[in-house]
Amino acid sequence: MTTTMASMAPVDEDVSPKKTKQGGFKTMPFILANEICDRFATAGFNANLITYLTQQLHLPLVEASNLLTNFNGTAAFTPVLGAIIADSFSGRYWAIAGGGVLYQLGMLGLVVSALAPALRPPQCVAGAGATATEPPCQRATGGQLAMLYMSLLLTALGSGGIRPCVVAFGADQFGQRGRRPGGEQKWSYFNLYFFSMGLAVLLALTVVVYIQENVGWGWGFGIPAIAMFVSVLSFVVGYPLYVMGKPEGSPFKRLLQVVVAACKKRKDAVPEDAALLYRNKELDAPIAADGTLLHTDQLRFLDRAAVATTGNVADSSGEPDLWRLSTVHRVEELKSIVRMLPLWAASITLIAAASHNFTFAIQQARTMDRRLTARFQIPPASMIIFTTLTMLVSLALYDRVFVPLARRYTGRHSGITYFQRMGAGFAVSVLGVMAGAFVEAKRRGVAAEHGLLDKPAAVVPISVFWLVPQYALHGMSDALSTVGHLEFLYDQSPESMRSSAAALFWVAGSFGNYLGTVLVTVVQSATKGVWLQDNLNRGRLDYYYWLVTFLLVLNLIYYIVCFHFYTLKTFEVDAGDDVRPRPDSGEAVCESDKLTESRN
């Protein structure tokens, strides 16, 4: 007879006043100030980087687009390294602090490259404003690009320490529901986190982008660099208030031990009775504060790792040789990760589709009428503000309006499950790219009507606000899918691997950006450069958007199929509150006074 419980968060059994002086909402000003300044700095130089590459370094559009998506992909992959370091050696606090310092160095490198004339090609006049006497624009040299690459690499390494840890570190301040005061507010924290991040991005897209376009790139990169310094400082100041989780060794080593043990016993039979598999609660206690994971019938090959045979014991102390024998809990850790991967992978195509908002959509905006008044026009990169605004409004409405209404019908504290939230986000993203295809067809049609097909530098007489629907739909999709995706990874991952699970969130971004590069390269090659051109008026960007729409529809179908076959993680507790998984959701339902028992 076992007691089951769905995973929520790391626990701290001792809730004495001495212990609860640390953690809770009093740590949020320091953590969120760190993240707000970090996001402000990141968005400040990243949102308009396509303009810097094409107009300051004079790179072709497709090359600049691929460079940007490759950089974003690399920056999203480094969190894997950061997660390994945080979970294995340093802990989350020191990973975040160290990452902030590296990021600061990278930002300073960008400032130097923007200010030093020797680190960028000479200014020139291109397009319709060029005359016969003007020298042709010179592409940035290898040495100039090397400085840029080094700065971007440092920012990528810095983000590797920050990204996988800051969300989990913030959630750790609230602990397990019912065991640390404030734990029931953890899921509101996720919404608060993304809302604060959105405010920072909104500020960057208005203030910093305007400075870059109208004042200069020295200040345009300098202000984000100052913000990054404030970010690191604010985080370090809150050190005495934080709940510090101790790293329990590399989780990847434990996963590898399970695989090796299963392979060594590949010829051994797995007993029909799961109770015969090896369990050791004392051994698993440091990595199983939430409770011991229960056995599942999926991926039974891995169960061989927990089959006790002669020679599994390393010495007379009775400690098992973990390269030959693993506990059921450790086997289930690996199973949990493997089960998560298909659903996790569904977000990759979504990110690839959204990557064009920072490249092609900005170039679209540059060709359109951006005037608000006779003297002021919107910077092209600031159009992303509508994605951020919509995300902020959607998060507020979701948390304050939708969830209370949905709770009346579903009985769930969160209104709907994060699985349903992710699926809704995937569906909305299809509409966003579809809207982009319609608008681009109209923009190109207006250019043809006015004889501007061969005048790429001319302003097409169509308002830039035609792009608002596609940006807004992408913002709504982010509010649904991005938050839901992070909740899913945090909740369903083994508790000792939460930094690593958060890294999966960013790795999806890495693969998504790389997929975006591959997609652009394949389309460029297959269409012989007809669809994607420096001259958007002659290109067929709308065809590219329709291709992406088709891929997103296939991705939505794939997600629904994966969800249908997904099995929730369950674990065993000895006493106290019981939180049991429902078969059709990822939310856990707490019942304080009774235990749900299931018989093997």
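Cβ coordinates come from backbone N, Cα and C, glycine included.
Predicted automatically and left uncurated, TrEMBL annotations should be read as such.
Since this is a predicted model, take the numbers as computed values, not measurements.
Marked as region 'Disordered' by TrEMBL: 1-21 (among others).
The feature region 'Disordered' is assigned by TrEMBL to 579-600 (among others).
Annotation source TrEMBL lists transmembrane segment at 93-116 (among others). Long-range neighbours of the transmembrane segment (93-116) within the same chain, counting only residues 6 or more positions beyond its ends whose Cβ lies under 8 Å from a Cβ of the stretch, are 34, 38, 41, 45, 52, 56, 82, 85-86, 144, 147-148, 150-166, 169, 216-218, 220-222, 224-225, 228-229, 231-232, 235-236, 239, 242, 244, 499.
Per TrEMBL, the feature transmembrane segment maps to 148-171 (among others). Long-range contacts of the transmembrane segment (148-171) within the same chain: residues 9, 27-28, 31-32, 34-35, 38, 42, 57, 71, 74-83, 85-86, 92-93, 95-107, 109-110, 113, 140, 186, 189-190, 193, 242, 486, 490, 498-503, 505-506, each at least 6 residues beyond the stretch ends and with a Cβ under 8 Å from a Cβ of the stretch.
Residues or ranges marked as transmembrane segment by TrEMBL: 192-211 (among others).
According to TrEMBL, the transmembrane segment annotation covers 217-244 (among others).
Non-local neighbours of the transmembrane segment (378-398) in the same chain are 47-48, 50-51, 191, 194-195, 198-199, 201-202, 205-206, 209-210, 212-214, 357-358, 361-363, 365-366, 370, 372, 464, 467-468, 471-476, 478-480, 483; each lies 6+ residues outside the stretch with a CB under 8 Å from one of its CB atoms. Per TrEMBL, the feature transmembrane segment maps to 378-398 (among others).
Under 8 Å from some Cβ of the transmembrane segment (418-439) lie the Cβ atoms of residues 343, 346-347, 350, 353-354, 356, 361, 466-467, 469-470, 473-474, 476-485, 487-488, 491, 542, 545-546, 548-549, 552-553, 555-556, 559-560, 563, 566, 585-587, all in the same chain and six or more residues away from its ends. Per TrEMBL, transmembrane segment is recorded for 418-439 (among others).
Sequence-distant contacts of the transmembrane segment (503-523) (same chain, at least 6 residues past either end, Cβ-Cβ under 8 Å): 62, 65-66, 69-70, 72-77, 79-80, 82-83, 159, 163-164, 340, 344-345, 347-356, 485-486, 489, 493, 531-532, 544, 547-548. Under the heading transmembrane segment, TrEMBL lists 503-523 (among others).
Annotated transmembrane segment per TrEMBL: 543-561 (among others), in sequence order. Remote same-chain partners of the transmembrane segment (543-561), defined as residues 6 or more beyond its termini with a Cβ less than 8 Å from a stretch Cβ, comprise 343, 346, 349-350, 352-353, 356, 360, 422-423, 426-427, 429-430, 433-434, 436-437, 440, 519, 523, 527, 531-532.
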Excluding the flanking five residues on each side, which residues at least 6 beyond the ends of the transmembrane segment (192-211) place their CB within less than 8 Å of a CB in that stretch? 28, 32, 35-45, 47-48, 167, 170, 219-220, 223-224, 379, 381-382, 384-385, 388-389, 391-392, 395-396, 479, 482-483
Chain residues outside the transmembrane segment (217-244) and at least six past its termini with a C-beta under 8 angstroms from it: 12, 22-23, 26-27, 29-31, 33-38, 40-42, 44-45, 48, 52, 56, 91, 93, 96-97, 100-101, 103-104, 107-108, 110-111, 114-115, 169, 172-173, 175, 204, 207-209, 211
